[in-house]
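As structure tokens, the structure follows; a few thoughts come after it.
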Amino acid sequence: MMAANAHAPSGAPALEVIGYSKRFGSFAALDDVSMKVRSGSFHVLLGENGAGKSTLVKCIMGYYTPDDGQIMINNREVEIGHPRQAHAHGLGMVYQHFTLVPNMTVLENFLLSRPHVPAVVDWTRERAELEAFLAGMPFTVPLDSAVADLAAGEKQKAEILRQLYLQCRFIILDEPTSVLTPGEADEVLGTIKRMTRRGLITVLMITHKFREVNAFADAVTVLRRGRLAGAGKVADLDNAAMAEMMIGHRDVKQAVDRVARAAGTPVLEIDDLRATDDSGQEAVDSLSLTVHAGEIVGIAGVSGNGQRELIEVLGGQRHAVGGVVRVHGEAYGATRAEMLRHKVACLPEEPLRNACVGHMSVAENMAFRRFDQPPNASGGIWLRRAPMRAAARALIERYRVKTRSPDSPIASLSGGNVQRAVLARELSGDVDLLIVANPCFGLDFGAVAEIRAQIVAARNRGVAVLLVSEDLDEILELADRIAVIFEGRLRHETASCGADIGVIGRAMAGH
Amino acid sequence: MQTDLGLWAVPLAMLAGAIRVSTPFIFVSLGECLTERSGRINLGLEGTLVMGAMSAYGVALQTGSPWAGVLVAGLIGLLLGGLHAAICNLPRVNDIATGIALMLAATGLAFFLGKPLVQPKAPNLSAVELGWWSDIPQVRSALQVNWLFVLGIVLAPALWWALRKTRWGLVVRLAGESVDAARAMGVSVAWVRLLATAAGGFLSGIGGAFLSLYYPGSWNEGLSSGQGLMAVALVIFARWNPLRCLWASLLFGAAGAISPALQSVGVTQGYYLFGAAPYVLTLAIMIITCSPERSLRGAPGELGVTR
């Protein structure tokens, strides 16, 4: 059924959106937004979380119907009420999370995404045809691997190749590099850039990273709170101008200044640690690391290189296969009693899922560490709610958690506030060791600055901090020492002042 | 006249058991395999099995044709599977709870309607003699093979092929792996699951017909004794692969034949203990394959308990 794409434009399409508005109840997600993407250009859509970027592209792709406004492709007004219509016009989208089916091979995935699948599939012929298609493409993917076995960069390439395979010539990329190493990101974006140069495709990319805008984009459209905040050619704009369009004028709390101090005694010592992932594959491989009192050790790396398993072992959510973890020189198995005795606090990634019970109240969630100790409990059996709520109120006040009351379920809070609530819980007592993973993932500017300030403040108080983050900028900003994890091993270790970003980036890619 | 085979009688009886007892396991596990590959769990297949056995027996008794009984049993299974799928397609319905409810309902209904069928004798399905070459009567009786067993043996590779090489099979797998991807392809997930569950029910119904019309070959309330539920566990053991479902079914059939086999060579102690072999096997398999640290490889992505 190639007829589905019969009237798709042959070259790279131009796209124009005029006066798009979209309301959800009383909330205006998009308010009179216009955007012009020229044929064969590399256009970037910038904006903070919640600025309306995804609403805009979902309207373009037909997942939402805008309340008002028009869309033009190659200067002709078109109607897009359904994703299949968008597809028929040659519009394709690559999502931030992968949409390929993990338990199927790349070949099966490609075939299934075609509008027409034959009743009985001749795999030999299909493979030959797909290989011929890939031969004409700037990059390739292994056809017979299950998608689950591909590295993140390969998955991203497969997603992009699939859109090209489906004859899409206008491709929307939603933060395509968030899961890639800097090297992989440059390779993928560089190739896409060359394809736009040759007039093969038009690209609209959502991103937060100015570096990518400067290196690859031709033009930029900036959204702020659902409105158009600015647009222009990248050549005419500098980073300061784009940043101001993006965040407007606002007071961002500065990160707490780090106090210069010599590293103290070793608090956390990891020796030759090994752990497996959910499928039984080795995920953490002979990892050794020491964190001293009063320093932040940052572990940089692209997601999926064993960070999750490492944090789970340290947080008591996973058994190590081998190796020793010591805290204060004593063997540490991450039991509740040991965490209490050694004053270990843990802020895992996605705290709502990993460190909270969504249906329980904010006060109850904040009491998880000490609900069974006086004054919250008498005799270790009878719980007292009043002291728990009082303690929660104090923490809510001090860490500025925005919640209607201490009794609201914690799942009703926004991401940043859940993060603050859990951080408040973990830092409220006396802490000697803080383990943090991706603390600012998906938060807005204000929340990011505040959470980072809390972490640095803890370090200044003499807490040993192990920070695992996929955001290299975060590591560079916070850490005293940096180690790079790749395929479960630490590859490169350096003090953060004087760190060579090129070396770190190459270590992240395994070089 | 029986020939004394000594201890050889045990493996022979287990082979006979594998051939005879495994057929319902094959049909139910292939049915459940198909259903689960589409992303739905049907625990009601135990009820479907019993209902199929009862209706097959009743129809064979009325019409005199056991094959008419097999067909009706399949259609009853189709209806029950379709009902399960239709209920599960409603929003916020849990397929585990629905499956258990339907299992109890179908079993109860079969017992109620099957009361008058306990006494009379219905015509049984005929068997193919594959043991003609042997003079030993035990070998001849062990190699009596029912056509349904042959059908099951053919069905397993056919299903395996269909899931890999046909559009129909790929769509079923897609619905089981990722609802979003299936929707993006324009596939109605609800419809695919309805058809897959109904087809799975059809196979289970036929498995039930085998119970009442061939082995043991009569209708009573203890006929199935949980074989439908064991077949569901067997699908997990077989990692959702139809070919492995076939092997696992044969293994379970052989395990079920251990205790009669031992009895035939004079080991009468612990008859009921050895009778529990298939259940112990089920339990052992579940313990071996489950781990809090690993997820099962091959499990369809949309298969879940909390939906």
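Yeah, the Cβs are placed from backbone N, Cα and C, and that goes for glycine too.
Taking Cβ pairs closer than 8 Å, the transmembrane segment (B:6-31) reaches residues 42, 45, 49, 77, 81, 138-139, 141-146, 148-149, 152-153, 155-156, 159, 199-204, 206-208, 210-211, 214-215, 224, 227-228, 230-232, 234-235, 238, 242, 245-246, 248-254, 256-258, 260-262, 264-265 in its own chain, all 6 or more past its ends. What TrEMBL lists as transmembrane segment is B:6-31 (among others).
Below 8 angstroms of C-beta separation, residues 24, 28, 31-32, 68-70, 72-74, 76-77, 80-81, 84, 95-96, 98-107, 109-111, 113-114, 117, 120, 122-123, 200-201, 204-209, 211-213, 218-219, 223-224, 226-229, 231-232 of the same chain, each at least six residues beyond the ends of the transmembrane segment (B:43-61), sit close to that stretch. What TrEMBL records for B:43-61 (among others) is transmembrane segment.
The transmembrane segment annotation in TrEMBL covers B:67-87 (among others).
Within the same chain, residues 41-48, 50-51, 53-55, 57-58, 80, 83-84, 87-88, 219, 221, 228, 305 sit at least 6 positions outside the transmembrane segment (B:96-114) and bring their C-beta atoms closer than 8 Å to a C-beta of that stretch. Taken from TrEMBL, the feature transmembrane segment applies to B:96-114 (among others).
Marked as transmembrane segment by TrEMBL: B:145-163 (among others). For the transmembrane segment (B:145-163), the residues of the chain that approach it from at least six positions outside its boundaries are 19-20, 22-23, 26-27, 30, 33-34, 37, 70, 125-128, 130, 169-170, 172-173, 203, 206, 209-210, 214-215, 241-243, 245-246, 249, judged by C-beta separation under 8 angstroms.
Under the heading transmembrane segment, TrEMBL lists B:191-216 (among others).
According to TrEMBL, the transmembrane segment annotation covers B:222-238 (among others).
Summarising the annotation, TrEMBL assigns transmembrane segment to B:245-265 (among others).
Residues or ranges marked as transmembrane segment in TrEMBL: B:271-290 (among others).
Annotation: stretch B:67-87 has the most Cβ pairs under 8 Å to the transmembrane segment (B:191-216), among B:67-87, B:222-238, B:245-265, B:271-290. For the transmembrane segment (B:245-265), the neighbouring stretch richest in Cβ pairs under 8 Å, chosen from B:67-87, B:222-238, B:271-290, is B:271-290.
Non-local neighbours of the transmembrane segment (B:271-290) in the same chain are 226, 230, 233-234, 236-237, 251-252, 255-256, 258-259, 262-263, 296; each lies 6+ residues outside the stretch with a CB under 8 Å from one of its CB atoms.
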